Structures are given as C-alpha cells and as structure tokens.
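One structure below.
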Amino acid sequence: MQENRPVIALDFPEFSDVKDFLEKFDPSEKLYIKLGMELFYTAGPQVVYYVKSLGHSVFLDLKLHDIPNTVESSMRVLARLGVDMVNVHAAGGVEMMVAAKRGLEAGTPIGRQRPKLIAVTQLTSTSEEIMQNDQKIMTSLEESVINYAQKTAQAGLDGVVCSAHEVEKIKAATSKEFICLTPGIRPEGASKGDQKRVMTPKEARTIGSDYIVVGRPITQAKDPVSAYHAIKEEWNQ
C-alpha cells in the first residue's frame with residue numbers, strides 16, 4: 001500500500017532546526033518525518049519524542065549494521081521510542097536481520113504495532129564502479145540490490161530502501177506487498193546533489209514505489225511548505 005505523504009528527510013544538525021522547520025506547517029497537517037544519524041546522535045531520543053508529540057510519523061534512519069546480538073538489543077531499545085519505521089543494512093546478513101526483527105518485536109510496548117523494519121540494499125550514492133572497486137562485489141549493481149532484497153524478504157522484514165529504478169524487479173523477485181522505500185527523489189529540474197540514481201515523484205509513483213523520501217528540495221526551498229505540497233501533489237497524481 002502506497003503512503004500518500006512524501007517522507008521528509010530532516011537532515012539537520014541541531015534539534016532547534018527541526019523545531020523551526022516543523023513550526024512552518026499548520027499543526028493540523030500530519031507529516032512523515034525521517035530523522036537520521038547526525039540529528040539523533042546530537043539530540044538523542046528527545047527529538048523523536050518531540051516529533052511524535054506533534055502527531056507526525058517517524059522513520060528513524062540509523063542503518064544498523066553490527067553483530068546480531070548488538071543489533072537485537074539496540075532494536076529492543078528503539079522500539080520503545082514509538083517510531084513508525086527503522087532500518088538496518090542488508091549487508092549484515094540474514095541472521096542479523098532476523099535478530100533485528102526479534103528485538104523490535106520484543107521491545108514494542110503491548111498494544112502498539114511493531115514499527116516497520118526495512119533494510120538498505122545499496123545506497124543511492126553508490127555507483128556500479130564504486131560497488132565493484134570498493135566493495136569487491138563483482139556483479140551488476142542491479143543484481144546486488146535484488147540479492148539483498150531477497151535476503152531481506154527471507155529474513156521476514158517488511159521491505160527495503162532502494163532506488164526507484166529497481167522497484168519493479170525487486171517486487172517481481174519478492175512480492176507486491178514487499179515495501180520499496182525510495183530516496184533519491186527530485187522534482188523535475190532540481191539538482192541531483194550527491195544522489196547518483198534519481199527519479200521524479202511522478203515517475204516513482206508510476207513505477208510502484210511505496211514510500212518516497214525527499215530532503216533538500218523541501219528543507220532548502222525558499223518556501224518549504226509550498227515545496228512539500230507541490231511534491232505531495234505530484235506523488236499523488
């Protein structure tokens with residue numbers, strides 16, 4: 001099922017930046033917010049509690065990648081924060097991903113729904129050249145992504161983070177219900193920034209993405225609210 005709200009990546013360095021940004025929106029409008037490493041390492045759980053207190057959904061983007069026991073324990077803690085989605089690196093392996101889900105289930109308070117758990121396949125900043133030269137994965141980028149997606153499904157996770165260009169083949173290799181969350185989304189004419197594999201909101205919708213993540217085209221816009229609504233409208237066409 002496709003989420004009708006673009007996920008806004010609040011890649012800010014300070015808690016105060018989050019407050020300033022969210023205050024621009026009408027309090028009645030409920031957003032889907034991605035909180036990343038820098039912000040969480042700076043502000044800690046309080047930034048999650050604050051965003052949730054305003055009624056917004058939270059994707060806590062920490063990309064856990066460690067030994068299974070450590071990831072399981074960490075997920076047990078993150079589940080208590082009330083977030084709606086968390087992620088791990090698929091490169092950690094099936095055992096680690098299974099442990100992550102187990103920890104998430106154990107930590108979710110009674111009466112609450114377990115946060116969705118997705119895995120990163122290859123970062124959208126990774127090119128095939130980088131993958132082959134630096135990671136020494138001597139297949140195509142697409143084959144690597146699909147392999148990671150299949151391992152993620154095997155582990156029982158809800159979906160993956162992937163480029164919109166890979167959505168159709170990932171769903172064919174897993175299932176239609178398997179979530180594909182796609183960063184690297186840019187409105188027509190926007191700068192690609194450090195993203196190597198990008199797509200517009202309309203293209204991502206057409207190709208079957210379930211969630212899209214948009215950061216700088218919204219957060220660095222002169223009018224972030226208008227920019228968000230324009231992207232949301234394009235996403236829901």
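Backbone N, Cα and C define each Cβ position, glycine as well.
Taken verbatim from Swiss-Prot:
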- Asp11, Lys34, 61-70, Thr124, Arg186, Gln195, 215-216: substrate binding site (BINDING)
- Lys63: active site, proton donor (ACT_SITE)
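Features recorded in Swiss-Prot, as mapped to the structure shown.
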residue: Asp11; record: substrate binding site; DSSP class: coil
residue: Leu62; record: substrate binding site; DSSP class: strand
residue: Pro68; record: substrate binding site; DSSP class: helix
residue: Thr124; record: substrate binding site; DSSP class: coil
residue: Gly215; record: substrate binding site; DSSP class: coil
In the structure shown, with every protein chain counted, which of the binding-site residues Pro68, Gly215 has the densest set of Cβ atoms within 10 angstroms of its Cβ? Gly215
Could you tell me the C-alpha distance between Gly215 (substrate binding site) and Lys63 (active site, proton donor) in angstrom, no decimals? 17
Cβ neighbour count (within 10 Å, all chains shown) around Leu62 (substrate binding site): 17
Cα-Cα distance linking Thr124 (substrate binding site) and Lys63 (active site, proton donor), given in Å to the nearest integer: 14
Measure the Cβ-based neighbour count of Asp11 (substrate binding site), defined as the other Cβ atoms within 10 Å of its Cβ. 17
So His65 (substrate binding site), by the Cβ count within 10 Å over all chains shown, scores 18
